[in-house]
Amino acid sequence: MESLRIYNTLARDKQVFVPRQSGEVRMYVCGITVYDYCHVGHARMLVVFDLVQRWLRAIGYRVTYVRNITDIDDKIIRRAVENGETIKSLTDRFIGAMHDDESALGIQRPDIEPRATEFIPQMLGMIETLETNGYAYQATDGDVNYSVRKFANYGKLSGKSLDDLRAGERVAANDAKEDPLDFVLWKRAKPEDPEGTSWASKYGMGRPGWHIECSAMGCTLLGEHFDIHGGGQDLQFPHHENEIAQSEGATGQTFVNYWMHNGFVQVDNEKMSKSLGNFFTIREVLERYDAEVMRFFIVRTHYRSPLNYSDVHLDDARASLTRLYTALKDVEADTLALDWNEPHAQRFAAAMNDDFNTPVAVATLFELAGEVNRTRDASLARQLKQLAGLLGLLGREPRAFLQQASGAAQAGGLAADEIEAKIAARVAAKQAKDYAEADRIRAELLETGIALEDKPGGSTEWRRV
């Protein structure tokens, strides 16, 4: 079997993967900030790094996979205040929803799933070390900031120089910072901050900045120098750049050897995002499509390429997955172990070892399906199931998949005034802090093809999906 090669964002090239310790891989992936339901962009990240850890294990590595949860953040605080609920109530609810979405998509849970609030002492320890090493300072407003000009290699991941950033980036002015590009490590608490959002420190009551959370959790759980760090392309700068500056400023050694970034999800050639109003939650998609169809839709595109979201592409994914299941119908696969010397297995492995080239791996599945259709051979059927299983696919009985209800959920014919009445009932439920009833109304509307979007200030918009 060929050696695994990974596209390393830091090197801007594919490199042969060599773990720091033979036979072991330590991998950290930036997880989700839990203040709302996961959207399709989150789904892509979750599926991509699920594939990565599955393949690493399949080729014999012992993997420690850490994916964090950000459970303290300005967005979380704002949402909790809007809802009139505690931070813990909000984050627990959306962590549960995230786990439900993951289970539906066949995503294996990471080995360790730390919450940021569980590692406050480690974050403060790293901040104090950065201060001792000359990289951090407490500003006049009480915040503790990182001095980017003190870190000689700032910009090595993103390729952005400090001069370019100062000339071209829009940076919010802050008179308390020594440089507008400096970023916060510790935010001084404000009088209006709700309970449960501040911790005691030598710098005063406050909470961690977003970037220090991942540095501290990664170094604590995987060591100060580990193999792979992953996340969405949008995290490359500034989040991952700042992680490098923090971690290497604190430890004096290389933080991570291989940086992996998955591409954006696009709608009509624009990035899917809440600010553009063109995003869909996983739950909205699963109201209309089987979860394995959604997973297949993500898997068949290379992880670094843009993923174009549309009903047409999801319908095509459903038809393609149906072809694979149809090939297995009425063929009893044998139960032998997977033989990597088999030609299809070799082609599949070569694709996956070439920077997780899932389009070529999926093409190999269709080659196998064609041969199964032609020969009805039990050995080929077994290979098809085994190789697809490494991608988290074809795990059900073919008839169970093929007999399921297909097609999009039909709109229930609700008139606009009926929809508005249900929204009003949901608002009343939220005001009464009956969040279960509010969630039930949202789900009921989704079943009829109506998606809700809560806006800042308490208003709610709806659209047909």
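A Cβ is built for glycine as well, from the same backbone N, Cα and C atoms used for every other residue.
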Residues flagged as motif ''HIGH' region' in Swiss-Prot, choosing from 32-42, 120-130, 318-328, 417-427: 32-42
Of 81-85, 176-180, 271-275, the range Swiss-Prot labels motif ''KMSKS' region': 271-275
Cβ-Cβ under 8 Å with the motif ''HIGH' region' (32-42): same-chain residues at least 6 beyond its ends: 69-71, 73, 75-76, 78-80, 90-91, 94-95, 97-98, 101, 232, 264-265, 272-274, 279-283, 285, 309
Other C-beta atoms that fall within 10 angstroms of the C-beta of GLU243 (Zn(2+) binding site): 28
Local backbone state of CYS214 (Zn(2+) binding site), from DSSP in three classes: helix
Secondary structure composition of the motif ''HIGH' region' (32-42) [DSSP: H/G/I, E/B, coil]: 3 helix, 3 strand, 5 coil
For CYS30 (Zn(2+) binding site): intrachain residues, at least 6 apart, with Cβ closer than 8 Å: ARG67, ASN68, CYS214, GLY230, GLY231, GLY232, LEU235, HIS239, HIS240
Chain-mates of CYS30, CYS214, HIS239, GLU243 with C-beta within 8 Å of site centroid, Zn(2+): TRP210, HIS211, GLU213, SER215, GLY218, HIS229, GLY231, LEU235, HIS240, ASN242
